[in-house]
Amino acid sequence: MAADTSKPFFPAAPNPALVPSGRKPSRLSPEASYWRSFRTSELTPTNEFNVTHLAFSPAQSSSAAPSLAASWSTSVLLFSGDPLSPLPRISASEDVAYSPSFRSDGSLLAVGDKKGVVRVFRADKKSSSSGPLRTLRAHSAETRVVRYPVAGGDKVHLFTAGNDALLAYWDVPSETPVFTVPAAHRDYIRAGTASPADHNVFATGSYDHIVKLWDARMGKTSTLSFSHGELVESVLFLPSGGLLATAGGNVVKIWDVIGGGRLVHSVESHVKTVMALALAKMTNTGEMRLLSAGSDGYVKSFDYGQLKLTHSMRYPKELLSLACSPCGTVLVAGSSKGVIYMGKRKKKSTGEDEEEGKGVGVEFDWAPPKPEKPRLAPSNYRYFLRGQNAKAKEGDLVIEKPKKVKVAEHDKLLRKFRHKDALVSALARNNPRSIVAVMEELVSRRKMVRCIENLDTEELGLLLLFLHRNATLPRYARFLMGVANKVLEMRTDDIRSDENLRGCVRNLKRMAAEEIQIQHTLQGIQGMISPMLALASR
């Protein structure tokens, strides 16, 4: 029987359920792909000791020399090789050991302890029974900061600081301090770093919120001082030596020390306290990244050239220390439970491909033809992109792509954790619904009070003007009156010193009085109408 050709084989309109959606599968960025190529393993088992400090040796010429030192209870653990393998540990102290620091050539290792004693050991020794080469005694409390100079090849000096707020600059061979500063800070000194540009320059950070810059040539006087705003847990010079990163609270800040301590950028990407900072070299591009580790268990990668956060890595325990090898292939993080996590980047071997290419060149004198392009299969992503550039013909069913949703400027700023800028951007648009939504988001993030503190006079005027116009709207009255009370409580001095702000507050007060009068009038009308309605209902 012949086939019926009067009817088409397929319906003219496709089934809507079979039409593919316009969504594209998410692709990893090159930065995310790079950090995900690190394979993480544990160097030490879980125990009750904190891994407070980690340090890589700056000299990687000898394979036998240790490349990593970790403070672990009363000892310093040493690791060497590729991959890292443990060496005999150094019994650094009778009490808890802190802050191991390698000399610039990697042959000596200085370690502080809980009693304030700093000991210098041979880092490449074979036996753990030999004692320290030098013992430095000047501190009366925990020595949390021990640093050798990084630049200039200085091998005879180091600086120390601790919980007694004492800063000491040592001549190591003679075991005597070149100078000491008894009250360098007003609280514990928990952070220190040496400049990569000048071996005489170093910085310290303290629990008094202050970061100070020192020059050994000037002695006991600090050359620069500025406030981080939180308890300073870590400080780190960036490679140029002109920028300094500080960590305290959940904030990492970058300062221009050449420009007099000017704040360049502030990052609030962690939920809990940031405990450590480190520099990492990306082996695929050669670029440097600033890494921060927090007690929330996250390591954040920050591109300080473009001032943006590029990647986040999650660890199962809270982190106290962080370090990256000079070559950039090994990343280690120390936890509060004694575990050291090592991330090593996998290397792609190309030896087999080269051997195959050499074999082809020897056996054949002519160039092989180019292989044909494989036929696209449904398992290939490009299979679903076919025909997107083709023009529709008459009678074709055209499926339009969904329009891209435009994100408001204040939403973009909130995603970047720039809370104050997001509030100012919403106030500038003068959309009450958006402004209240931004304020409610800031309240949920617990950043509203800090934003009010950081507003300048002009921005504070915008906020007071918004409150004057919208505080009595029934939809927002309860929330905005609470915000108005908080603003008047926190910024009283600024309002009294500025005529424009005083005018805004007078308008706000007049508006509140008028609203109260209206409410009293409405209550009186309600009292007159209620008996009539009661009689009418009978």
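Note: Cβ is positioned from N, Cα and C throughout, glycine not excepted.
Automatic prediction, not curation, is the source of TrEMBL annotations.
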* With TrEMBL as the source, which of 1-29, 204-232, 291-319, 494-522 is set down as region 'Disordered'? -> 1-29
* Which residue counts does DSSP give the domain 'U3 small nucleolar RNA-associated protein 15 C-terminal' (390-531) for helix, strand and coil? -> 105 helix, 0 strand, 37 coil
* **Outside the repeat 'WD' (182-224), six or more residues from its ends: residues with CB under 8 Å to it** => 144-145, 147-154, 157, 159, 161-163, 165-167, 169, 230-237, 239-242, 244, 246-248, 255, 257, 260-261
* Asked: Between 0 and 100, where does the mean pLDDT of the repeat 'WD' (182-224) sit?
  -> 94
* Using DSSP, tally how many residues of the repeat 'WD' (182-224) sit in helix, strand and coil. => 3 helix, 19 strand, 21 coil
